[in-house]
Amino acid sequence: MVDRQTIIFVIIMVIFFTLPPGSEQPLASEDREVLQKFKSSLIQSRRQVFDSQYWLGYGNLTGLKLSYQDNVEKKNVSLWPFRDYSKSNPWKEREQDSILPNEVSKRVNEHWGNEPVLSSGDHAYPLNISGQLFGDFDVVKPSVALKPLRLRLPRYLKDYYSLYKQEKYEEEKQRYESDPETNSPPQEIEGSRRKAGNITTFNEGKMELELHSLGYNYLNPELADFVKNNPASRIEDAIIVTMGMNLKDYPETHDDEFKMLGVYFQSTGALVASTKSAKFQGGHALPHFTMNEKNFNVSKTLMSQIVNVTDIEQEVSIDDMNNAIERSQDQCEYITYFQLDKTEYTREQLRAIDDELISPQGAPIPKRLPQLEITHAVVYSPDCGILLENKKSETFGGIRMEISKARVRQMAIGVLLLTAIELNLLLRQMKRCRSPGQLSNVSSVTVSMLGFWMSVTLVYFLLRSLQQSELYLILTCVSVIASLLCLNQMRLLVSVFTAQENERGTNWWEILRGSSVEGQSHRTEEEANQQGTPEDNGNTNEAVAPATTAATAAQTNTIQQLSDEARYPNMIFFVGFALTCIAMMLISGISTWRITYRRTAEYVILLGFNSYWIPQFFRSTLKNRTRVFSWEYAIGTSLVRFIPIFYMCLDKNNAVRHHHDPVMAVVVFSWVFTQLFFLYLQDCLGARFWVKENWLPEQYNYHPIINIKDSESGFSSDILANMRPQSADKDLAICDIDCAICMSTLQVPVVSGEHSAASKKNVDNMMKEIMVTPCRHIFHVKCLEDWMVYKLQCPVCRCALPPV
């Protein structure tokens, strides 16, 4: 029964993990004051969105009080406002009023939102743009250089941040000085540092976009209540979009990531998005970035609803404020404009396709699904003075999230089938390779490498199943089948370790000879002979009269074998689990390296993971055995493990987004084929075909010619007692002894001197009918070979035997 302490401990842990984290409130009064000011500014900005009008301009928003021209003229922001806007003197999209310079506005207006869908029968722009897009960009160098704008933190946040950094530095310094061995030295307070997105060292690069649509406001659970209370705020042709943008150079030494909030206008295919931080409230000013009053009114409705979702007083914490300050110091602000291309379907057709992809009902949809494509992109950073555009005559291409998930599902189904095939191959191989003699020839390194690869696959799909709830079922199925394969490979590995227990502490030279325990056999036999004489024990080759020492040794060996069989699974599990975790962390880190280093690491890892037949090649050479694994298993397993590499390197639309690399596929295939070819040569020419005969030691011979002098070096004394001289050859005698396995008589020729060639041939033929073990026990060939199929131990003294 479970004791009381255990029950109390479990209850306490359940309560601990189920309690809500609560809100972290700043303790210092100065922090509380700064946080309250920050909340007040957010409330004021939210009210500014509610009350904004297109002709009034940005209003009192942080980072947007000064227009582009005001910043160029270095006007003092404390003197704001500089202009009085009215309906007769409205705010306009020009650098005198806007934060966008005329050069940027001109480039945006040339392509952005200029071709609306006029009728329901026309080809429409994508409705759901959740997905990923990729493309190349150029850094634009206008004839008149763009001036970086001075976007500064409010004074109270700047003072708070300076004090915060100083206190953090002092705390780290004190901790380091008190214990320099366990603590890292404090980071110096930075003066000027590179901001993310401040592109100064390259003129072209790659851009990656990840879009997530929040859906129509009347269908979104968080926004539907606003539409219910105000039906006029229902928007049918625009949606709010969250966007992640990555800017990289081609070597990928720089990879800058930005989080944005935007609005997508479905009738024109126009998407606008902006960053936000403590120094730039781009999200609140987003309606004014939409270039005309019609777009402004639509986006104002959506932004008024989305900014009202957050309860500022209750949900905004000191961490949120610190993160907003960190973003303002660490990255450039960006305003982005993307123009999507039309599809070949009407709006109603797109809506039907979207509904079927999101909630499959079996409705017919076209095989050629609409793709996401951006024909023109303008990306502008006001505080860094950087302008980016897509390369001329090139577009950004990508796929929708539902299609991406479908590809992942197809990949998972393929891996599931391949894993099931490999599991079947492994079970068939384990049925063929069950005896200790066969298992002693198997390379434990080969089995370990095959199992390690599959354990990495298991952890990968298990983690993905936790990340993608929509694909949880199929990804979990892959993980379950992979785990079954890992368990069976572990069973095989335990059997191999147990069968090769007698090789522990043996060098490779002794394994080449096949006499790893010969000395031990001699010692055991000598100890056994000391317990009695032939007169006391009778025929010592019989299993019914073993010495006490031999019986004790047998019992000890059995206990040791059971102990090893119980110990190996734990060792394999913990070592394999640790190596798998290390491998996953290493692969995760490699994925962030620059492209040249990453590709080099990919070659090294794939060639290393696919070198599993090399250890078996050398093991077969040591044991002088061929065809340890069946060709069905060797070729089948190699193909099963190569197909995913083939898919990853040659399919440009692969689910893991690996770059197209046919060279890698050819290299890995050639490497695996070469290993199989060498195994084939061993099968045809012998396991040691590549080693010269004079380099090899002499192997143990189970059919030696026994001389009368051998009776003094370990053979049973009953050989002398039962010898019968042959009349035809005075130098040859025949000894009749009993086989300890079948208990029938076997005849052992014993020579006493020189003998003729004919006599030698006769002795050789007689010795082929019997086998002499290293421990000097004699058996019929068929009896001992059948015995060794199940145990590589002497039936009399339990000493280990080299494989035949």
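Positions of Cβ are set from backbone N, Cα and C atoms, glycine also.
Summarising the annotation, TrEMBL assigns transmembrane segment to 6-22, 411-430, 442-463, 470-490, 571-593, 600-618, 630-650, 662-681. If you look up TrEMBL, you'll see 171-196, 519-542 marked as region 'Disordered'. According to TrEMBL, the feature compositional bias 'Polar residues' maps to 529-538. Annotation comment: TrEMBL describes 739-798 as domain 'RING-type'.
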TODO: Could you tell me what the rest of the chain brings near the transmembrane segment (630-650), counting residues at least six beyond its ends with Cβ under 8 Å?
DONE: 411, 414-415, 418-419, 421-422, 425-426, 428-429, 432, 450, 453, 606, 610, 613, 656, 658, 660-662, 664-665, 668-669, 672, 676, 679
Open item on the list: Across the domain 'RING-type' (739-798), what does the mean pLDDT come to, as a whole number?
Closed with: 81
Task: Close approaches to the transmembrane segment (600-618) from elsewhere in its chain (Cβ under 8 angstroms; 6 or more beyond its ends) - done: 442-443, 445-446, 449-450, 452-453, 587, 590, 593, 628-629, 634, 638, 641-642, 645, 664, 667-668, 671-672, 675-676, 678-679, 682
- [ ] Mind tallying the domain 'RING-type' (739-798) by DSSP state, helix then strand then coil?
- [x] 21 helix, 14 strand, 25 coil
- [ ] Report, as numbers and ranges, every residue of the chain located at least six residues beyond the transmembrane segment (470-490) whose Cβ falls under 8 Å of a Cβ in that stretch; write 'none' if there are none.
- [x] 405, 408-409, 412-413, 415-416, 419-420, 422-423, 426-427, 430, 447, 450-451, 454-455, 457-458, 461-462, 464, 569, 572-573, 576
